[in-house]
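> Starting off with a structure, shown below.
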Amino acid sequence: MADPTHPNVGFTPSNPEKTPIPPPPPTFVASPGFPPPTLHLQKDQASSRSIKTPNVLSPANGATTGSPVPHMSTPPGPPVFSSPVRPAAVPFRTSPASPQPLAFSAGSSLPTSSLPPQFSNGSFGLPHQVSDSTEDNAPVGESSFVLFSAHKVLKQKKQANVPSLGFGALVSPGREVSMGPQVMQRDPHRCQSCGAYANIYCNILLGSGQWQCVICRKLNGSEAEYIAHSKEDLRRFPELSSSIFAYVQTGNKRPGFVPVSDSRMSAPVVLVIDESLDEPHLHHLQSSLHAFVDSLLPTTRLGIVLYGRTVSVYDFSEDSIASADVLPGDKSPSQESLKALIYGTGIYLSPMHASLAVAHSIFSSLRPYKLNIPEASRDRCLGVAVEVALAIIQGPSVDLSRGVVKRSGGNSRIIVCAGGPNTYGPGSVPHSFSHPNYPYMEKTAIKWMENLGHEAHRHNTIIDILCAGTCPVRVPILHPLAKASGGVLVLHDDFGEAFGVNLQRASARSAGSHGLLELRTSDDILITQVVGPGEESHVDTHETFKNDTALYIQMPSVEETQSFSLSLETRGDIKSDFVFFQFAIQYSNVYQTDVSRVITVRLPTVDSTSGYLESVQDEVAAVLIAKRTLLRAKNHSDAIDMRETIDERIKDIALKFGSQLPKSKLHSFPRELSLLPELLFHLRRGPLLGSIIGHEDERSVLRNLFLNASFDLSLRMVAPRCLMHREGGTFEELPAYDLAMQSDAAVVLDHGTDVFIWLGAELAADEGRSAAALAACRTLAEELTEFRFPAPRILAFKEGSSQARYFVSRLIPAHKDPPYEQEARFLQLRTLSSEQRTKLKSSFVHFDDPSYCEWMRSLKVVPPQPS
């Protein structure tokens, strides 16, 4: 395993032919190239569900048209506002036309050929009675389970494997964890050779019912199920009529399980609360806790544990007073003390319908820290408190309303509310970094916390750590605890609004357990890197499937807002017309049903480089590049090096796929990728790689969040989305340029983990207009982030205020460009009068940061014209 202080687990697959690529060096040199990466996995998650918008695939990409395409999740589209939205006056692709990721789901349609695929590379030919179970109009999906960086694959290995652009996919195995696509309650048909599932692209021998595997091309029997008179008869099988389907097994094998209508009702939530807080922080925390318990379902079982120098476990059997059992925090609790606690008379987990008033009284009884000791030096036995919380979840707890013993049905949650580092008891570190033994104690603490996280995972318990305040919490020590259990670690400025929202969303989000992701590809395709919330699992399937070369990934939790990024290469020149990808995820959902979901994708291969470039999805490609880059940016020094790799990527893409201008050393960037360089420029100067974030704890948390985030949140973290408020309550989407800072306007900037509301000075001077604009912007910000986890902080400020620097630093300084360049890329300028433009120009403070166009030209690359 890699250094546990970092969230990335690197591994080499067990099949040497599958990934013969050596690990990359720790950092790039001054003029970095692009060595092929190795496989990396990271067990941390973060999430976001973006606004659902229409997404129409272009006929040029092989998709059929004619009927309305269902909604699917893609962040670039316009939000579902409470008021109408004006069309974006932007020169680049936005909203419905951008991007056009391939979405594979039940009821959706993939481009297919009316002719059966041609089998080559030594495979056998099938007789004429073989039926292709797909037609031109295959079903198209609502949810983006799989997004590829391009809709086509280049046949030539040399061109296809250009590392600066790369080819890959984002896989979201936990989409629709609670609902799912077409579902079958029977055993699947699987290839006896490689283990792949029968699917919509298989060729079927109608007379015998045999089917040909699309991965290894071997024939398999179907126990006569697939015998049919015509291919239309095969449509009754969901796996042969949809590119995504699921098998379920409803029997529960866990002893002592009591079925309920929603397993989340029986899965408890335990709050582990830091009691070493000063009065202002405690006041905010109490408000958030009161709102939290009011938001819980009546059947949700809650436990409350406080920690400082000791651990206090609150007893819900006392109605009139806040009563707690106290355990020492200097060492792990003994089995005897835990047994006395669990089998005693106290009730430590109780449903809200019976104990809401008691919970409120407990929170009201909390008192601020009294001793005159700095925040960082206070004793906090966080590790022991989590051990105790885990014990009361696992031990039999008396249900207050029925008096019967129950065990939790789904994933339990421990939510830690921390205001400082763990400095007492097991898993702790000294108060001071100058302690002579600090490096060794830190290493020991990290390992102890990681083991505790694994123990929680074995007991189906997820640990989320929500930190707040100004005291550094020592992220390297706490993060392994959350990561190993399948939880997240989030930093907040205080225990106020954003903290309270995240507290509620942490407990309410659905999560599957016992996740196992299987990745299979055609022999032509090689998986070179995986980044996401899991680790490689060595599953021995050779007794069942003799030639199974799948890559297996174990997931601590399966959540809708996670994703894996795959880097793909071709092994050699491709001769076939299509390549195939199959993704299978096995997990237990929130209702304790065992689910096997299968997604099969077929992409056409092309000889034409221009045809390939036209199929590239700029935003998906940018997110994949960003994840590969951030994987190596483990600290601030690495981040500076990674900025140089972005520069090298741009130059290399222009050299390999662009054209050289006549009588010049300049290369033009390919017009087909017009959005990509601007997205990478945002990445280079934004919080992920830039200098916006100063503290290493913040940078580490943001990096961990990004590496596991869904496409929706990842894209917003790379490049912000800018929306200007208009009269009448409408919003206009604009490029994220500083030219949007117009004094008579209000602007919303969504940057994933932060949403900023900026009020121009002229607008702010008019109290009535500014109040209406601020309310509309606030409503918009809440709608944009309604399902996002972690919930972003929402900051509002006026032009010229000190906080406005957060907003300005994330916008491209396009005011430095000549007027013709500004108008070409920011069309809204054309609507301004000469007086307004003069006023706008005079409002800017000049500094050294280059504009997007200046940066591109400094690389000897001509920026592409907006499409």
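Numbering starts at 1 and runs along the chain as it is shown here.
The backbone N, Cα and C atoms fix where each Cβ goes, glycine too.
Annotations for this protein, taken from TrEMBL, read as follows:
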type	residues	note
COMPBIAS	19-38	compositional bias 'Pro residues'
COMPBIAS	44-67	compositional bias 'Polar residues'
COMPBIAS	106-123	compositional bias 'Polar residues'
DOMAIN	188-226	domain 'Zinc finger Sec23/Sec24-type'
DOMAIN	270-496	domain 'Sec23/Sec24 trunk'
DOMAIN	513-605	domain 'Sec23/Sec24 beta-sandwich'
DOMAIN	619-715	domain 'Sec23/Sec24 helical'
REGION	1-136	region 'Disordered'
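How buried are these features, and what lies next to them?
DSSP places the residues of the domain 'Zinc finger Sec23/Sec24-type' (188-226) in helix, strand and coil in these numbers: 0 helix, 9 strand, 30 coil.
Taken together, the residues of the domain 'Sec23/Sec24 beta-sandwich' (513-605) have an average pLDDT of 90.
According to DSSP, the domain 'Sec23/Sec24 helical' (619-715) comprises 67 helix, 5 strand, 25 coil.
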> With Cβ distances under 8 Å as the criterion, find the stretch in 270-496, 513-605, 619-715 that has the most pairs with the domain 'Zinc finger Sec23/Sec24-type' (188-226).
513-605
> Within the domain 'Sec23/Sec24 beta-sandwich' (513-605), how many residues are helix, strand or coil going by DSSP?
0 helix, 56 strand, 37 coil
